[in-house]
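Everything on this sheet refers to the single structure shown next.
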2 protein chains.
Amino acid sequence: MTKQIVTPSILPGFMELLPADQIVFNNMLDTIKKNYEKYGFIPVDTPMIEKSEVLLAKGGGETEKQIYRFNKGDNDLSLRFDLTVPLARFVAQHFGELTFPFKRYHIGKVFRGEKPQKGRFREFYQCDIDIIGNESLSVINDAEILSVIYSTFKALGFDDFTIRINNRKILNGFFESIKVSDKTEVLRTIDKLEKIGNEAVAAELKTIGLSDKDANSVLRFVGIKGSCNEILKSLKELGIENDTFAEGVKELEEVLNYIAAFKVPVANYTVDLTIARGLDYYTGTIYETILNQYPSIGSVCSGGRYDNLAQNYTNKKLPGVGISIGLTRLFYQLRAAGVVGGTKKATTSKILVIPMQETMAQSLELSTKLREADIPTEIYFNEGKMGKKFSYADKLGIPYVIVVGEDEVKAGKFKLKNMETGEQIELELEQIIEKLKS
Amino acid sequence: MTKQIVTPSILPGFMELLPADQIVFNNMLDTIKKNYEKYGFIPVDTPMIEKSEVLLAKGGGETEKQIYRFNKGDNDLSLRFDLTVPLARFVAQHFGELTFPFKRYHIGKVFRGEKPQKGRFREFYQCDIDIIGNESLSVINDAEILSVIYSTFKALGFDDFTIRINNRKILNGFFESIKVSDKTEVLRTIDKLEKIGNEAVAAELKTIGLSDKDANSVLRFVGIKGSCNEILKSLKELGIENDTFAEGVKELEEVLNYIAAFKVPVANYTVDLTIARGLDYYTGTIYETILNQYPSIGSVCSGGRYDNLAQNYTNKKLPGVGISIGLTRLFYQLRAAGVVGGTKKATTSKILVIPMQETMAQSLELSTKLREADIPTEIYFNEGKMGKKFSYADKLGIPYVIVVGEDEVKAGKFKLKNMETGEQIELELEQIIEKLKS
């Protein structure tokens, strides 16, 4: 019988990394996780497979088409397509056992069967935080979330990024004040502002039914620019008499006051009245985050405030505020832009121990001692030429190598070779441990 | 329209933890990960969804019935049911880009649609390591894997565990020497030894076709007990003239020599000639690990040596050795036994900052400074009675609380309350940071 060989390959739209990139990716995940924990967020890990009736309780929309849904036995199952729906289900289900405000982080893969295209993935990591209140939740939390975005991107090594802030109540109140019937259409038109300019937008706004006055009003509104304080001033001067609008402006003002107290630098945030983040979910503060040197990536961290997290699963009112970082896509884009990756280091080992045939036992002992001192240590077991052994360290990017010969064992001193500089220094084991720990 | 409420629930056979348990679980995952990295294993993360033809290349068996398999568009998809098949595919696919021996760890969820029963899960974490050689792989690696098992369970806080070692070549060679035609049946019978005793086993062995002599031979073989050296001696004294057997004994002897050099205590490993770990995959050393105080859990870490990892995907010969810890099941069992869980601590925060209305800005600043010093810090934003605020810290198990009043801000000193002892000490911010860091 001839053995049948199946060509090893993965599906299009799925990301798989080689070790060097995987290490960079994992470091980013760890950085995000540590930062979320620094703000007191608690880990949650929900099943990847849930009942379709639960995941699709909200129903409708693009999501339902993209979802991976299937049967097993009598069960109608779906793979989770985000971490927000599972959070809503989790909080409703375990309500009595949770402490509120409930601050959770969740880092995990989600699945969407989108048409494969460059930079879009069918399986990708989301890194989410949400703060869920029981009945009510102070707007200061919206500022804290901003502070988390800031510190997370700083920790990831970015300096030049801008968190764009808006408030859905300002948008809604404004549209109410000019009695726009189809907000979606207006927002879609506004989105073209940069591309087609003021006049063309005004024309389109009229086509969709706005009066001259209202179209001008819209243009004046989205044309409001300046520092946070200038924008607040301009908003108040618009003279819009609408409660929702007034509330939105008040919330925005509070968020801006608090964010200053969190010591987020003014350079890293701005008010942008044109961002909307969809229409049906968010109800207050909304966020987008732009890497200023890579604007084409789009928002790398988005989210906002919502009134009612779990209305499909409970009658309890659970307002919340949260954000999500889509790390798989972000990593892909950053790698394409040459910002991350391209490193040779394909291991986290700090030292390679090369034993000789006659010093194997001593080499194993020595390696055990290094590991007991928390130093990631590899031993090269294959026989062969010394060059090949050093080349192993070189290929993986292991920074130090020692060769354990009989003389070294007798003297209790080992030549520690720095693989980058080629420098060799003779040290006792304790000294090696000290050097590698620092 | 009345809102339709869907009962929030998850599928049977899926594990979901509340925060306190989740934190314990994540700590175990982290401990395993760190320990794997200490031995130089490199992280790999493969897609959860793969082509069915790839995942099922080997075909047949229980696996195929349990697999979650479905169609999306034209694709025949499956969820991975272990981490070994994806590893084989990964190594075959990226062969030219990997450095060998390739030491990888993979921690992630796998999926098996088993009949739900207590302690069995349809979605569970596996924590795998494997060392893959190109063409050949020294048997010293088998000893290193043993050392990893030892240090991992030590790091997880266990002392009283035994790693059982056997070698498939010894079993195969022995069976060849007595010309057993159906090894599976013999092994199944041997498995009943503890339950039904020697005589009943001998009788059954004869029923399945063994001669008196061979049945006695089997009983003598599996009756070999003692220290590692005693067992080695007994094996040699059996006088079996079979090359496979001899090779197995030699490999076992080498592994035992090296494992001593790795400084694994004799109390934590033993040779057990009765373990077999299935029949078609492993070809040399095999491992099982038993927590001696909880033998009913069964093996908590198993694995072994195989000749050919990726024969379904490549003609290259890729021998390897590896182990797997099924953490979801282990956690479930340990929790049921009261070994883990039951803790109240439902956060990783170290301190809760309680602001007053008039000190909000200073409280935010202070919290930012604590976080900049890497101290996980929460701020309590809800208004209400002081008792409720302290109760939040108490419920989550946050160890320290400070209330930031105007007097405290003026004096630059804060009363740090130890929530466990009730003790309060007045400290400056720098002193608080120092205290919480240690």
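Quick reminder: no glycine exception, Cβ is built from N, Cα and C everywhere.
Whatever TrEMBL says is automated annotation, not expert-curated.
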Of the candidates B:Arg69, B:Arg112, B:Arg120, the one that TrEMBL places in the L-histidine site of B:Asp82, B:Leu83, B:Thr84, B:Gln126, B:Asp130, B:Arg277, B:Tyr281, B:Tyr282: B:Arg112
Residues near B:Asp82 (L-histidine binding site) in space but at least six apart in sequence (CB under 8 A): B:Val110, B:Gln126, B:Ser324
Lowest local Cβ density among B:Thr84, B:Gln126, B:Arg277, B:Tyr282, which the record lists as binding-site residues, within 10 Å: B:Arg277
Overall pLDDT for the domain 'Aminoacyl-transfer RNA synthetases class-II family profile' (B:24-355), taken as the rounded mean: 94
L-histidine binding residues B:Asp82, B:Leu83, B:Thr84, B:Arg112, B:Gln126, B:Asp130, B:Arg277, B:Tyr281, B:Tyr282: largest Cα-Cα distance, in Å and rounded to whole number: 22
